[in-house]
């Protein structure tokens, strides 16, 4: 038994080293397979348990108590299930000697080259780069909130804070590989627990005091607003659970891979259960249908702080720091493409030949993301469209299709029909959520101004 295990491990290592010889620079330098399942848990937590969870009370305002909690539970169960299926498919192909390090590699192998090149690859890039832009904008908004706390009549504009956050990103973007982010992502995990605890404590404090708004949990009477509000809220929840880089995270695990992703997902979902439910329930309980797009905005009302100034300051600092980690994680697919295009796999990772193109290309990609975030402060509305078109297919639909095509379960088995039901339901939901998000953009378009100070 012991020798058989050693043979399996050594064959996995041989398989990996044979595979490594054929790797391009993107896979070789950015997606190094050196991490443990604990590191994998850190990466997963940073990519899923991120500041968009502070929008959950706002989603509850359109869904009500039961609808909100039900959507949150279904989102958690379906994503945990589909991420595990994706991991099983990746393990299966690795066992056959074809380890996939990227989402588009999986799609190429399972669905065919056109799907990988023209559908999965572009959608994943759009989702991840959209997350980088969204994080940069949110970082700028949190910095502006701190500035107005300290200087209520200050003249600095939002786009200036976005540029400052972009400067921090320029430094972090130079981290060479996904694996090199493991310590940053451990700190990110702790920061997320910290600001979620602050958001929950602040909501409970305001909800129990006489300062807070009157609690009103009624949903809009207008039928059209009600229906589109529900689908918009579902898109927000789906985006909050979204990941889009499961294969790239699994690629950072040192072989043999078997079972490690499941343990990593358990770390992530323990974090997720603690933060998502506490922030969503306490925020909606305290502010009802007046919950804003970011629950921290509710802590200030008509220029008056409902919690101590230092409390808002600390919560925003925690959020800004974690946003920088989230943005760097979602930069990895872009970095991998840039590395594959400009780096030389035959030269050393830190040779002048590779360092200079890396420095220039990554800096340009961060500058573009920062410029878009500064120009389009209404990017949150655009991100809802990206979430509907991107996160729903990548995280809810494709994993179950990949599983059915890879393992070919019998049509008599419940798993086949469960997977088909998930694929059909979330495909329809994706289309409706995209329509709802586009409608929201058309409603808000009147207020759009480039470089607006919102």
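Heads up, residue numbers simply count up from 1 along the chain you see.
Each Cβ is built from the backbone N, Cα and C atoms, and glycine gets one as well.
Range 187-207 is the one annotated as transmembrane segment, of 187-207, 334-354 (source: TrEMBL). Of the ranges 63-83, 227-246, 307-331, 385-405, the one with the most Cβ pairs under 8 Å to the transmembrane segment (187-207) is 307-331.
By the count of Cβ pairs under 8 Å, the stretch nearest in packing to the transmembrane segment (385-405) among 63-83, 227-246, 267-287, 307-331 is 227-246. The stretches the transmembrane segment (63-83) and the transmembrane segment (267-287) meet in space: the count of Cβ pairs below 8 angstroms, excluding pairs fewer than 6 apart in sequence, reaches at least three. The transmembrane segment (359-379) makes contact with the transmembrane segment (158-175), as judged by at least three Cβ pairs under 8 Å among residues 6 or more apart in sequence. Spatially, the transmembrane segment (158-175) is adjacent to the transmembrane segment (307-331); three or more Cβ-Cβ distances between them are under 8 Å for residues at least 6 apart in sequence.
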